[in-house]
Amino acid sequence: MASSKKHRQRSFAIITLSVTLGSSLGNLINSIFVTLGYPGKLIFFGNHLNVYTAPIYLSMLMNVIGLMILWFCFHSKLSPVEDKEVSKEQKHHIDKIAVIICFSFRIIITFILIVNNTLGSMYSMAVFQWTSNDAVFYNSLIQGIVGAIGLAVYIAYTVFNINNWISERKAILFAIMFYLAFYLSSYPWPFYGSSIKYQTSMNTTNGNVSSTAGCNPSYKWCADTPAVNVWVYNIAYLIFIGAGMPVVGINLDSLFSKVLGPIRQGTMQGFFLAAGHSLNIFGSIVFRKILINRQSDINDFRKVYVMSGPRYIWLFIICIISLGVLAFVIFYRRMVDFSIKKSNDENDDNVKMKKISS
């Protein structure tokens, strides 16, 4: 990350803020392209400009512009002091345990994101008795509010220098505990009372069946699984996931950069991003197969969700978060800036030398 240590956290906040703004503006621009209709206007080589192709053309144009700006305007350089510090000896001093923990947290957060995206609508339709239209509307509304919360967090980190008040380590623990709080509060505990109701057909005014609401009749677990209160679930999601996601994103990226120290970080940052994105690409496909496949073979692991519902999935997430927190706490003193660890190591060496000489 081409920034000073002082501004590292703010830099990551700005980058993440730009991604959030891009996602929000992208939806707005796509809605504008609806006016182009289909098949649209013929432009060149038999291609059309329409509601489906316009976003692709715009993305290609923006990527070309971005690459040109990156090539001609951005040149990352280590400062003279940092450049002198980069040596083979110091590269071997990178704390591998700290790096592994950062990678693990990245994978855990991405896995949770995949679970929420994969199960969100299906879970809400089953537990909250929402129709498909209700699920689309309310989940879109909730995600919009989560986006607004994230935007506020990113702006706060950019403007108010929150890193001066709370360190990356404490912020990460705080945020990951928010994730844990969400899954603990939304777990189907027995005290929630009533079980999940099975599907009922919703008729239109002309008597045609328009949609269904409730749990799929083939899901036997609905009969004895307590239904989480709709307000408890969604308010917990807004508070814990809405606030936890941007905080852990900013601080984990910043901490990982500091753990690596004054080296050319391109390769390691690439692996760090790939750890999340590869899981996002392949995990969505695999996880969907695991959770919602409805084949008749009861021994097939792909029927986890169909056979047992959210219980085991929630328990698995609670376990991996707890293990991640435990590892972070155990190695808390190692999750520090490279320069701090180097200074501590040098002090330890000096103490040992004094003991030997005495």
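Every residue gets a Cβ built from N, Cα and C, even glycine.
Unlike curated records, TrEMBL annotations are generated automatically.
Annotation comment: TrEMBL describes 12-36, 56-76, 97-115, 135-160, 172-192, 230-250, 271-292, 312-332 as transmembrane segment.
If you look at the transmembrane segment (230-250) against the transmembrane segment (56-76), you find fewer than three C-beta pairs under 8 angstroms, all six or more positions apart, and that falls short of contact. Panel annotation: around the transmembrane segment (172-192), residues 105, 108-109, 112, 166, 225-229, 232-233, 236-237, 239-241, 243-245, 247-248, 251-252, 255, 309-311, 314-315, 317-318, 321-322, 324-325, 328-329 of the same chain, lying at least six beyond its termini, place a Cβ under 8 Å from a Cβ of the stretch.
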